[in-house]
Amino acid sequence: MASIGNWFRVVQKENDRLSGLESDFEYRERWITIRLVYFSGFLMFLSFGVVTTGLWPYLQDMDPMVEKTFLSIVFAAPPAGQLIFSPLIGWCSNRLSSIRVPFVLLTALFVFGNVLYSVVELFPVANRKYILLLSRFVFGISTSINTLNRAYISTATKLAERTSAISMSSLAQTLGLAVGPIIQAVLSTIGKEGFVWYGLRINMYTLAGWICALVGVIYIIFLNPSCFVHRTIAAQEAMKTIGSSVATDTYEPLRLFSIWTIMIGYGVLMFFYVSVQTALSPISLDQFAWSHEESLYYLGILMTGGTLCSCAVYLLLPQLCKRFQEHNVFLFFAVLPLFISQVVMIPMGSKTIPMSVSSHNGSTVGDGCPSEQEWCNYIPPINHYQLTVSYTMLCISFSVGIAVSQTILSKQLGTRPQGNWMALYTSIGGITRIAGPISVIIYVRFGTYWLFGLGSVVSGVVLVWMWYHKRHLRTTKKTTYTAEMQQMTVSAP
C-alpha cells in the first residue's frame, strides 16, 4: 500500500535522491509529465476501442449504398495519417526543446476528428462516407502522438526505470482498449435512432465520438506549462556512469539486425490485430446472424473481456521478465498466442452458415451471410467459443507484444535521441495497419478458410523465424539486464 501511495504522491526514493541526478522537485515534475504522457496513450486507444465495434453499422446507417470493401479503406485511413506524419513528428521531437506544443496540437486534431465523426449526418448522404473517412484520417494524424510518447519515455527515464515506465504506458493503452468497448456496449442501449439535440443526432454511434472529444478537451487543459514540464535524464545518467560530460560519448553501436527483428515482430502483431478488428463486425453479422445492435452489444462484451484478460496477463509481465528473458516473453506470450488465435478460428463441423433474406450491394441487414458470398453455402460457420478463445489470445498477444517490443527496442537504441527511430517503429505499425484491412476483402471474396488459413501459415512462419533468431535478442537482453543490475547496485545506499 505504501508503494501505491508513493506512486500517486510522486515521492522520490532515497536511492534515487542519493544518485544526485535531480532534486525532489525536478523528480516530481519529471514523473508528473511522464504520467500525462501515459494518458495520451489511453486517450488514443480509448477512441480506437469505442469506434471499432460500431464503425461498420454506423457507416451503413450514414450511407445504405456503401459496400463492405469501403470499410477496409476507412480502417486504413488512421494508419495512413499516422504513417505520413509520424516521421515529421519524430524529426521535430529530436530538435525541439519541449514536446508540449506538439502534444497540444495533436490532441486538438484528435478532438476535431472525433467531432467530425459525430456530425457526419449533417452532410448530404452522397458525401457522408467521405466525411467519415476524413474524420478517421484526422484521427490517424493525431495518433502520431504515440511517436512522441515512446521517444519521450525512453529519454525521460533512467535505465532501471525504463521497463516499468514503458510497461505502464502500454498498460494505459490496454486500459483504453478495455474501457472503449465498455462505453460502446453501454451506449448501444440508446439505439441508432437516439434523439435530436439542437439539430445534432445523439445516438449510440455519435455519442461515442462526443465523449472522446470531451476527454480530449480536458486533457488539453492538463497540458498547460505548469503541469507538463519537459525533462530528460537518460543521457545525464549515462554520462555520470562513464564519467563523461559529452552525451555522444554514451552512444553504443547499433545492433541493426536485432533492431529490425523486433520491429518486424511488432509489425506482424499489429497486422493481425488490425486484420481481426476490421473483420470482426462483418464476421459476427454474417456468421451469427446478429442485428447491428446485438453486434455492438456482444462484440463490446467480447472486446472488454479479452482486454481485461490481457490486462491480467500484463500485470504479471514484470514478474515474467524477472523469471524469463524479455525476448522469451515476447516469443511465448506474444508471437505464440498470435499463432494460436489464427488456428483456432479455422471453421470446423458440418453445420451451415445462416443466410440473409435480403441484401443490397453486398451489405447485410444483420440477419446472416448475404447470397453474394457464395462460399457461405459450403463452408461451416465459426462458433462463439472459437471467436472467444481466438480473440482472447489475440488481445494477450497484442498487449504483451507492444510492451516488450518497445522495451527491447528502447534498450537497444541506448541514450541517443530516439525520435527518428520511434517514428520508424510507429510507421511500421502504420504500414501493417494499412495492409491489415485487406482481411475484409479476403473474407468477402474467399471466406474464412482462406482468411484464417493464411493467417495460420504466416503467423507460424514468423513464430519459427523468431525462434531461430532469438539469440540475437538474447545478447542484447543480457547486456541491458546486466546494466540495470549494475545501476541498481551503484544507486543502493
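Each Cβ is built from the backbone N, Cα and C atoms, and glycine gets one as well.
Features reported for this protein in TrEMBL:
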DOMAIN    33-471  domain 'Major facilitator superfamily (MFS) profile'
TRANSMEM  36-58  transmembrane segment
TRANSMEM  70-91  transmembrane segment
TRANSMEM  103-124  transmembrane segment
TRANSMEM  130-149  transmembrane segment
TRANSMEM  170-190  transmembrane segment
TRANSMEM  202-222  transmembrane segment
TRANSMEM  256-276  transmembrane segment
TRANSMEM  296-317  transmembrane segment
TRANSMEM  329-348  transmembrane segment
TRANSMEM  389-409  transmembrane segment
TRANSMEM  421-443  transmembrane segment
TRANSMEM  449-468  transmembrane segment
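389-409 is the stretch from 130-149, 202-222, 389-409, 421-443, 449-468 with the greatest number of Cβ pairs below 8 Å to the transmembrane segment (296-317). Non-local neighbours of the transmembrane segment (421-443) in the same chain are 68-69, 71-73, 75-76, 78-80, 82-83, 86-87, 89-91, 93, 140, 144, 146-147, 150-151, 154, 259, 263-264, 266-268, 270-279, 282-283, 406, 409, 413, 450-451, 454; each lies 6+ residues outside the stretch with a CB under 8 Å from one of its CB atoms. Against the transmembrane segment (256-276), the recorded stretches 130-149, 202-222, 389-409, 449-468 differ in Cβ pairs under 8 Å, and the greatest number is found for 389-409. Long-range contacts of the transmembrane segment (329-348) within the same chain, counting only residues at least 6 positions beyond its ends with a Cβ under 8 Å from a Cβ of the stretch, are 262, 265, 268-269, 272, 276, 313, 317, 320-321, 379-382, 386-387, 389-391, 393-394, 396-398, 400-401, 404-405, 408, 448-449, 452-453, 455-456, 459-460, 462-463, 466-467, 470, 473.
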